[in-house]
Every structure is written in structure tokens, then in C-alpha cells.
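Per TrEMBL, these features apply:
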type     : residues        : note
ACT_SITE : P2              : active site, schiff-base intermediate with DNA
DOMAIN   : 2-112           : domain 'Formamidopyrimidine-DNA glycosylase catalytic'
ACT_SITE : E3              : active site, proton donor
ACT_SITE : K58             : active site, proton donor
BINDING  : H90, R109, R148 : DNA binding site
DOMAIN   : 233-267         : domain 'FPG-type'
ACT_SITE : R257            : active site, proton donor
Amino acid sequence: MPELPEVETVMRGLRPVLEGRRLARVEARRPDLRWPIPADLRQRLTGAVVTGIRRRAKYGLIDTDRGDTMILHLGMSGRMRVDPETEEKHDHIVIETDEGRRAVLNDARRFGSVHLVPTSDLDSHFLIKGLGPEPLGAPVDLSGFKGRFAPVKALLLDQRLIAGLGNIYVCEALFDAGVAPTREGGKVKRAELAKLAAAIPEVLERAIAAGGSTLRDYRQVAGELGYFQHEFRVYGREGEACTRCAAPVARIVQSGRSSFYCPSCQK
């Protein structure tokens, strides 16, 4: 599933295509993805000018001059294609500007979703309202871990505490901070929390600079792969030598997700 760096990369790729442009054509080629596509999507977006392209957690947001915001969730396999030369089987949403440029949502597994809400109501939308603070743009605050018994990894994945973190980048940040994913959140020392708070945005920024991580379906808007998977220090490297101490990287399962870490470096 695309995580924060992948969604950020996609939205940055859409800006030069859509931002400031009037939408000449909006087409939904099926009535639903994970949830129903708004029946009035075409009516409300056609003729509107895109005033902003941004991201909240793992959701892309497209604002218009009519006071609407389209919420875009890529789900498991969704990807945005810009000015594709050919149509593909799972192209479900087509957005065309007055310049003739196109942004196409392709989602083979249909776990993604598209919503259209008044911008003034965005913060109360069910996908947005429970989200915690962003891990980019301001210091990461981990004070909410105090007194918590849950594993530190589970707390980092809790979207109510920090918005947008996913399995890949939590594993990588925990490694950089030297904290084991199994540690009880409330028992992580203040100095370790400071290292972790610094590691989170550093890992995310490096991933964004690399265009995200392509493990299966994810592509950037022009079709390029992400390249951060070549920089993984622990994620997906079970049994391989730790890049820091050469001990074998371990994998355990926590709440149904694989956690990769170095038992020697992370305590």
C-alpha cells in the first residue's frame, strides 16, 4: 500500500499538470471503487479550477475554486498516470484540463477511493477527522507514548497519534533510532524518543527524494519506479547482514504485519 512518501510524490507530480488549470472533462468509468464514487463528481468538477494539490496522511487532496475538495486514496494498487499514451484496463477516473492534459486513476484491485466534499467540511470527513499531526513540517511529538503499554511500533502506526506512517518507514525509522519494534512504548527512554522523533522525518524525506518505494504496483505519475527500496536498511532484508553491525536482520510478526529489525543494534 502506498505510504506517505509515495502519496507525497504522486501529489507533487500532479501539481504541474492540474494546479491552476480548469477541468474540461471528468469521467468516472464505474460507479464505485472501495466506496461509491460520488454520482455528481463530473457535474461538480467539470469547469472548476484546481486551486491546490496537497496531501493529508496517506490521502491526496485536490481543491477547487468551487469550494470542493476531492479526496484521493490509492488503496493497495492504485496509481495516478499523467498523459498516458494508451488506455489500460483498470483506468477508472479520467481528469482532463483545458490544456488537454490528463490525470488518470488506475486501480486494478479497487481498494482505493475517491470522495468529493465541501472544503469547509474536510476536517470532519470520516477519513480525515481522526488523524493525528503530520510527521513533516513540524517537530514530531512522541509525548503521547508516555505511560503506553503497546509496542512502540504499534504506536507509530496509530494514525491518531501520527498521521501517514506505514510499515515500511516505521521499520526504517526504528532501525535508525536503535529502538526495537517490540519495546513497550512507555518504556522508551527520553533520549531514545528524541532519536526516533528525528529519524522519522529524515527517513520520510529521503524516501520522497527517491520517489518513494516500488515493491509491486506503485509508480510515479510518469510511470517511473520509486527507488527507495534500494536504500532499505532492514525492511524486507530478513537474514541479510545489518548495514551497521553485520548481524542478520530478523523478521517477526506484530498484529499481522512483518517487522524487520536488527536484534543486535535495536534494543
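Using N, Cα and C of the backbone, Cβ positions are placed for all residues, glycine too.
Note: TrEMBL annotation is automatic and uncurated.
The number of other CB atoms found within 10 A of the CB of H90 (DNA binding site), across every protein chain shown, is 17. When the Cα atoms are compared, R257 (active site, proton donor) and R109 (DNA binding site) turn out to be 20 Å apart. Per-site Cβ counts within 10 Å over the recorded positions K58, R109, R148 peak at K58.
Cβ contacts within 10 Å of P2 (active site, schiff-base intermediate with DNA), excluding its own Cβ and spanning all protein chains shown: 26. Reduced to three states, the DSSP call for R257 (active site, proton donor) is strand. Annotation note: K58 (active site, proton donor) sits in a coil segment as assigned by DSSP. Confidence for the domain 'Formamidopyrimidine-DNA glycosylase catalytic' (2-112), expressed as mean pLDDT, is 97.
When Cα-Cα distances from R109 (DNA binding site) are compared across the active-site residues P2, E3, K58, the shortest belongs to P2.
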